[in-house]
Amino acid sequence: MADMHEWVIAFILGGVEGLTEFLPVSSTGHMILVGSLLGFTDDKAKTFEVIIQLGSILAVVVVFWRRLFGLIGIHFGQVPHEGIGSGRLRLGHILLGMIPAVVLGLVFHEQIKAIFAPIYVMYALVVGGVLLLAGEWLKPKVPRAAGIDDLTYLQAFLIGCFQCLALWPGFSRSGATISGGLLVGVSRYAASEFSFILAVPMMLGATVLDLYKSLPFLSWQDLPMFAIGFVTAFVVALLAIKFFLQIIKRISFVPFAIYRFILAVVVYWILIG
C-alpha cells in the first residue's frame, strides 16, 4: 500500500510538473503547494523533482528536435523558416540568451537558495503576473520579430537578461522570458518558441547539477516512483507545449497573469497565513 501511495503521488506531481513547467504560471509555486498538500517535502521529494524535470526537458526536445539539432550543425532535412526576414535562429542566439542567468546564478547561488520559501514564492507570483501584464500592454503594436528566425542577437541577449528574474523562486522562467520577448518586440508565438528552446540548455545544465548533488538520496527502491513521475511529466509536458503554442495564437497572456494572482492568494492562505 505504501508503494501504491507513492505511485499516486508520483503521478500527481509528474502531471503538475509537466503542465506548469513551460506555462508562464510558475512550476515552483505549484510544486511547493501540491507537495505540501500531499505531505511530500523531504529529501526524496527534492530528488524526485529533479528527475521529473528531465521528463519535461525531454518533451521540449521531442517537439523541437529538428531545430535543436540544426543549431549544433546536425541537419535532418530543412527546418521550415519562421519569419518575414532572411535571418535564421543560430546557436549564438541561444548562448546570448543563456549568459546573463548563468553568470548571476553562479555568483548568487547561495543567496538564491536562501529565498526558497513560500513567502518569496508568493511575491514572485505577483511580480511575475505584473510583468506579464506589462508585456501585453507595453509591447510594440507591430512586432519587430514576427517569427523566431527574425530574432536579433540583441533581442536574444535582452530576453536572457529578463530570464535572470527566474532565479527568484516562483517567478517562472517561461513567464520572464516570454514577457521580456514581448517588451523587446518579439511576437507572442516567437517569444514562446524561443523560451522553450532556451529552456533545454538552461534547465538541462541545472538539472544535471542538482541530480549529481542528489546522488546520495537515490535508491533502487524508488525507481518505480521516479519512473512514473518521469513518464507522466514527459507526456503531460508534451501535450501542454503543443496546446499552449496553439492557443497563444488566439489569446493574450492576461488570463495567465490573473491566474498567478489567484495562485499567490492560495499560497498565502494555505502555506503562510
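From the backbone N, Cα and C atoms, a Cβ is placed for every residue, glycine too.
Pulled from Swiss-Prot, these are the features on record:
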- 18-40: transmembrane segment (TRANSMEM)
- 45-65: transmembrane segment (TRANSMEM)
- 92-112: transmembrane segment (TRANSMEM)
- 114-134: transmembrane segment (TRANSMEM)
- 151-171: transmembrane segment (TRANSMEM)
- 189-209: transmembrane segment (TRANSMEM)
- 225-245: transmembrane segment (TRANSMEM)
- 253-273: transmembrane segment (TRANSMEM)
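Highlighted: of the candidate stretches 18-40, 151-171, 225-245, 18-40 has the greatest count of Cβ pairs under 8 Å to the transmembrane segment (253-273).
Counting Cβ pairs closer than 8 Å to the transmembrane segment (189-209), the top stretch among 18-40, 45-65, 92-112, 225-245 is 45-65. By the count of Cβ pairs under 8 Å, the stretch nearest in packing to the transmembrane segment (225-245) among 18-40, 45-65, 92-112, 114-134, 151-171 is 45-65. Here the transmembrane segment (114-134) has Cβ contacts under 8 Å with residues 24, 26, 28-29, 32, 165, 168-172, 175-176, 178-179, 183, 253-254, 256-258, 260-261, 263-264, 267-268, 271-272 of the same chain, all six or more residues outside its ends.
Proximity of distant same-chain residues to the transmembrane segment (92-112), defined by a Cβ-Cβ separation under 8 Å and at least 6 residues beyond the stretch ends, is recorded for 71, 151, 153, 156-157, 159-161, 163-164, 166-169, 177, 194, 197-198, 201-202, 205-206.
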